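First the structure, in the form of structure tokens, and then the observations on it.
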Amino acid sequence: MAENYAGLTQLGQTVSQPASPDQAVLEKVPNPTPGKAYMIRFTAPEFTSLCPLTGQPDFAHIVLDYVPRDWIVESKSLKLFLTSFRNVGSFHEACSMKIAERVVSLLDPVWLRIGAYWYPRGGIPIDVFWQTGSPPDGVWIPAQDVPGYRGRG
């Protein structure tokens with residue numbers, strides 16, 4: 001079993017926070033139940049980045065759902081990747097899509113969707129949604145259940 005994790009560089013180690021998403025290393029491990037159709041959900045209710053023009057902080061509730069194929073994302077590396085946006089200026093749409101595209105590139109999942117529920121800036125919340133295609137049949141895919149903005153709580 002340990003051989004499945006021999007290539008990991010972050011799990012179980014003391015590592016520095018990456019300075020940017022481009023420097024962050026996303027890692028994967030073998031799917032422990034290959035051939036089974038199931039969904040994995042990661043939720044980051046306190047995601048932060050910076051406005052690229054003003055430098056003001058932006059906040060989002062990110063929900064990432066995917067149906068794995070051969071690989072699953074190693075969660076510590078995902079956490080470090082997500083927190084690497086904290087001091088980087090990027091528009092909401094760019095942050096949201098970069099997260100989804102990096103995970104798709106790493107894992108080649110059967111299916112993936114992201115819901116990025118951004119808190120208002122200038123009085124307007126921006127929500128970004130994307131998925132790789134139609135959800136697969138036979139997999140329970142619950143709603144993301146992030147309420148429409150009313151204090152987003």
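Cβ coordinates come from backbone N, Cα and C, glycine included.
Look at Cys51 (active site, thioimide intermediate): DSSP puts it in coil. The active site, thioimide intermediate annotation in Swiss-Prot covers Cys51.
According to Swiss-Prot, the feature active site, proton donor maps to Asp58. All protein chains considered, the CB of Asp58 (active site, proton donor) has 22 other CB atoms within 10 Å.
For Glu93 (substrate binding site), the same-chain residues lying six or more positions away in sequence with a CB closer than 8 A to its CB are Ile126, Val128. DSSP assigns Glu93 (substrate binding site) to a helix in the three-state reduction. Annotated substrate binding site per Swiss-Prot: Val73, Glu74, Ser75, His92, Glu93, in sequence order.
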Nonlocal neighbours by CB distance (under 8 Å) for Cys51 (active site, thioimide intermediate), same chain, sequence gap 6 or more: Pro57, Asp58, Gly89, Phe91, Arg121
DSSP three-state assignment (helix, strand or coil) for Glu74 (substrate binding site): coil
The one of Glu74, Ser75, His92 whose CB sees the fewest other CB atoms within 10 Å, among these binding-site residues: Ser75
Site extent for substrate (largest Cα pair distance over Val73, Glu74, Ser75, His92, Glu93, Å): 24
